[in-house]
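Down below is the structure, laid out as structure tokens.
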Amino acid sequence: MASWNSFPLEITYETFGWLAFFSWTICFYPQAILNFRRKSVIGLNFDFVLLNLTKHSSYMIYNVCLYFSPVIQQQYFDKYGSGEMIPVAANDVAFSIHAVLLTAFFLFQIVIYDRGTQKVSKISIGIVCTVWFIIAICFFVALRSQSWLWLITIFNSVQVFMTVIKYIPQAFMNFARKSTDGFSIGNILLDFTGGLANYAQMAVQSIDQNSWVNFYGNIGKTLISLVSIFFDIIFMCQHFVLYPSRKTTVPSKLKQEYREPLVKSIDESASENV
């Protein structure tokens with residue numbers, strides 16, 4: 001296994017890694033707090049949460065297996081060369097485990113809080129069931145050939161696919177409602193920061209090793225950053241440009257009362273007494 005050539009770059013790598021970890025970790029809490037304060041999950045798309053749970057679960061399995069399994073690490077070195085570094089860091093493992101727990105907590109909030117007329121679509125349920133069915137088939141294929149690196153690569157591919165599609169229901173819902181009320185922008189700003197830091201971390205490792213294997217050897221980590229940044233920009237445009245928060249409007253009945261004079265004229269008083 002390769003070692004670092006530059007100590008400053010190693011420190012920079014760790015800094016970006018933990019910045020991504022804390023940004024992506026904290027980004028879950030604004031939405032959870034918003035749901036708690038409102039006692040409502042209206043505005044948070046349920047398909048987004050369900051797809052996100054499958055995405056983070058797949059990413060967690062990939063990170064945990066590649067980081068802790070000597071067998072899978074050896075298969076990685078056999079494929080990409082013993083001089084390469086494992087493209088999964090401790091912060092990747094910590095983040096993915098935390099992400100699964102917090103996304104599951106969102107599902108719990110959906111169960112106990114006001115949902116309005118929102119519900120999970122049959123399309124999202126079908127996608128999730130299909131994905132896990134395919135994974136089950138791949139597991140038995142890998143079990144026969146002991147191709148564990150190939151199997152976790154499937155998990156990595158799944159998390160990329162889910163990352164691409166998970167944002168679409170929320171973005172479409174914001175467009176349909178012409179509002180981002182109920183969807184925390186704090187979540188998006190922190191997610192955007194985490195995506196930039198995650199990509200920067202990979203770039204630092206590639207510069208130190210003078211090799212771009214880090215990017216295509218863990219294509220999932222590369223794409224998760226780019227896709228997240230892309231959709232975060234869309235959400236920020238929706239929130240700040242297209243559908244900015246409007247001031248609370250006064251009901252029309254109250255507006256009518258506010259337009260009436262505080263002291264009525266003599267003619268108006270006389271007509272009311274007739």
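Heads up, residue numbers simply count up from 1 along the chain you see.
A Cβ is built for glycine as well, from the same backbone N, Cα and C atoms used for every other residue.
As recorded in TrEMBL, the features of this protein are as follows:
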type: TRANSMEM; residues: 16-36; note: transmembrane segment
type: TRANSMEM; residues: 57-73; note: transmembrane segment
type: TRANSMEM; residues: 93-113; note: transmembrane segment
type: TRANSMEM; residues: 125-142; note: transmembrane segment
type: TRANSMEM; residues: 148-168; note: transmembrane segment
type: TRANSMEM; residues: 180-202; note: transmembrane segment
type: TRANSMEM; residues: 222-243; note: transmembrane segment
May I ask you to check whether the transmembrane segment (180-202) and the transmembrane segment (16-36) make contact, with contact taken as at least three Cβ pairs under 8 Å and only pairs 6 or more apart in sequence counted?
yes
State the residues, same chain only, that lie 6 or more residues beyond the ends of the transmembrane segment (222-243) and have a CB under 8 A from a CB inside it; answer 'none' if no residue qualifies.
59, 159-160, 163-164, 167, 170-171, 174-175, 177-180, 183, 185, 188-189, 191-192, 194-196, 198-199, 202, 215-216
Closest-packing stretch to the transmembrane segment (93-113), where packing means Cβ pairs under 8 Å, from 16-36, 57-73, 148-168:
16-36
